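Features reported for this protein in TrEMBL:
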COMPBIAS  183-198  compositional bias 'Basic and acidic residues'
REGION    176-198  region 'Disordered'
TRANSMEM  17-41  transmembrane segment
TRANSMEM  48-72  transmembrane segment
TRANSMEM  78-95  transmembrane segment
TRANSMEM  102-123  transmembrane segment
TRANSMEM  329-349  transmembrane segment
TRANSMEM  355-375  transmembrane segment
TRANSMEM  396-413  transmembrane segment
TRANSMEM  433-449  transmembrane segment
TRANSMEM  486-508  transmembrane segment
TRANSMEM  520-540  transmembrane segment
Amino acid sequence: GFLIKCIWFTTCIEDNILLIMCVCLQEARCGYAIILMALYWCTECMPLAVTALLPVVLFPMMGIMKASVVSVEYLKDSNMLFIGGLLVAIAVEQWKLHKRIALRVLLLVGVRPSLLMMGFMIVSSLLSMWISNTATTAMMLPISHAVLQQLKATEARADAREFQSAAQDNHAFEVEPTQTKQEVTEKKPEVKVEQEDKVEHDHEWALESLEESKRKAIEEKYDLLNKGMSLSVCYAASIGGTATLTGTTPNLILKGQIDKLFPKNGDVINFASWFGFAFPNICLDLSIKLEHVWLHFSLKKTFGCGGKNDRDREAFAVMKEEYRKLGSMTFAEVAVLIIFSLLVVLWFTREPGFIDGWATVLVDDYLNVALSVCLTGKIVKSPPTLLNWQVVHERMPWNIILLLGGGFALAAGSEVSGLSTWLGESLAPLEKIPPFAISMLLSLLVATFTECSSNTATTTLFLPILASMATAIKIHPLYVMLPCTIAASLAFMLPVATPPNAIAFSFGNLRVLDMVKAGFMLNIIGILSINLGINTWGFAMFNMGTFPDWANVTHVDP
């Protein structure tokens with residue numbers, strides 16, 4: 001049955017292509033290919049990577065581009081940057097260096113509930129700048145769960161001790177020795193004995209009720225903290241990924257699209273410029289989101305900011321024990337840390353903008369990959385390799401590389417076919433709307449769209465259109481492309497929106513309504529934060545007040 005459906009579906013597509021080629025202009029043919037891919041990406045009726053390969057088939061069939069030209073788009077500089085960053089991230093995960101860093105930072109921050117959530121958010125965001133958001137969430141949530149369980153058990157034991165102490169101090173709950181009781185019974189009327197037994201029974205029942213209510217209160221309190229912690233970790237991982245150029249795929253898609261659509265941009269988006277804009281934004285965003293989650297789950301009422309107690313000390317001991325189990329740093333961890341640090345320094349100093357970087361005198365297109373390949377090198381009589389091909393093959397998301405290439409192919413097809421020019425002319429009336437309103441509305445649109453679709457597919461579809469619109473209405477392309485790229489990572493409302501959301505949903509005993517209520521406000525806060533950044537420090541960094549000469553491009557020949 002599935003084969004018959006595929007044959008029928010393919011036949012329909014072929015018929016549509018033949019009809020379009022006969023009666024439509026080249027712009028319409030390209031538009032049909034984009035709409036078809038958008039439909040496939042949104043419904044995920046086919047794997048995203050397979051859909052990304054459609055331009056290799058459709059563009060030559062429609063006479064838009066030759067297959068040899070389309071294929072080149074699938075291995076651009078941005079893809080190599082992505083591969084190099086992932087190789088180092090895989091090595092960090094392979095040797096559990098990220099867990100050592102996480103536990104060390106948490107030990108420095110402390111385990112008081114007032115600081116615990118902040119500590120987990122800081123660690124999650126810092127790690128997700130360099131390794132995948134999914135890996136960060138999957139590692140941090142079990143640690144947070146173990147710490148909370150220890151806090152809960154410690155508080156339960158403390159309450160039990162207080163309860164026993166109060167019972168012993170209260171003479172009404174004391175049980176007299178059997179002999180004394182019998183002696184007293186012989187001297188007392190039978191009615192009075194029954195009354196005393198009833199009073200004693202009532203006291204015991206009241207004692208049990210009090211103990212049960214306290215137990216339920218502790219359960220509810222830590223259930224709230226567990227929900228808040230789970231959401232904080234997954235949200236912080238998603239936000240932290242926006243801070244670096246290699247932190248999440250949409251960032252690299254923006255760089256690739258800018259370099260493809262505006263080849264004379266002078267490397268306006270590089271590692272240093274991106275970090276300079278995005279890092280202050282995530283600091284502002286995380287601060288507001290921490291306060292929102294803390295208040296949303298009413299945690300401030302139950303977890304104050306008091307001093308350390310036995311509960312905190314025992315939870316601290318748990319994390320210290322986890323850190324001790326890692327042992328001392330191995331050669332592999334030290335080597336990976338050195339290579340990782342060197343790669344980050346080279347990324348920042350390549351072309352920082354305010355001074356000449358090393359890229360002005362060296363050829364660097366594949367330096368990051370070459371440095372990452374050092375991870376797989378092996379010398380005679382040396383320790384085991386830091387990475388082997390089997391590990392890379394299993395953990396490298398090759399589908400994302402194809403997805404990046406599919407986006408670049410779509411952008412190239414739009415230019416060659418003239419679709420970009422047509423879109424720009426059609427969107428020219430938007431020039432009458434204030435630019436800040438355009439940026440705000442488009443960010444909201446993208447943030448809504450990405451809740452139901454992959455953030456990679458969302459940016460791939462929207463960025464070429466936004467570039468055409470910016471060129472048509474003569475505003476800086478980054479003024480709309482940059483906030484929309486970051487907005488594509490603001491998928492906080494649904495468990496299916498991102499893998500970190502799904503992991504937190506299963507770990508934190510969350511309901512969909514919990515995520516929707518917390519995530520809706522976080523989406524709004526994120527959009528406002530991004531647009532604040534683009535209209536303040538981002539405005540000055542990228543000179544947003546003028547339409548750059550490099551953005552004044554026309555039709556590109558195939």
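Note that Cβ sites are derived from N, Cα and C of the backbone, with glycine treated the same way.
Those TrEMBL annotations? Automatic predictions, nothing curated.
The list of residues near the transmembrane segment (486-508) in space but at least 6 beyond its ends in sequence, with Cβ under 8 angstroms from a Cβ of it, reads 133-134, 136-138, 141-142, 145, 226-227, 229-231, 233-235, 237-239, 241-242, 248, 250, 278, 281, 443-444, 446-447, 450-452, 455, 458-459, 462, 515-516, 518-520, 522-523, 526-527, 530. The recorded stretches the transmembrane segment (78-95) and the transmembrane segment (396-413) share 3+ CB pairs below 8 A when only pairs 6 or more apart in sequence are counted, and are therefore in contact. Ranking 48-72, 329-349, 433-449, 520-540 by CB pairs under 8 A with the transmembrane segment (396-413) puts 48-72 at the top.
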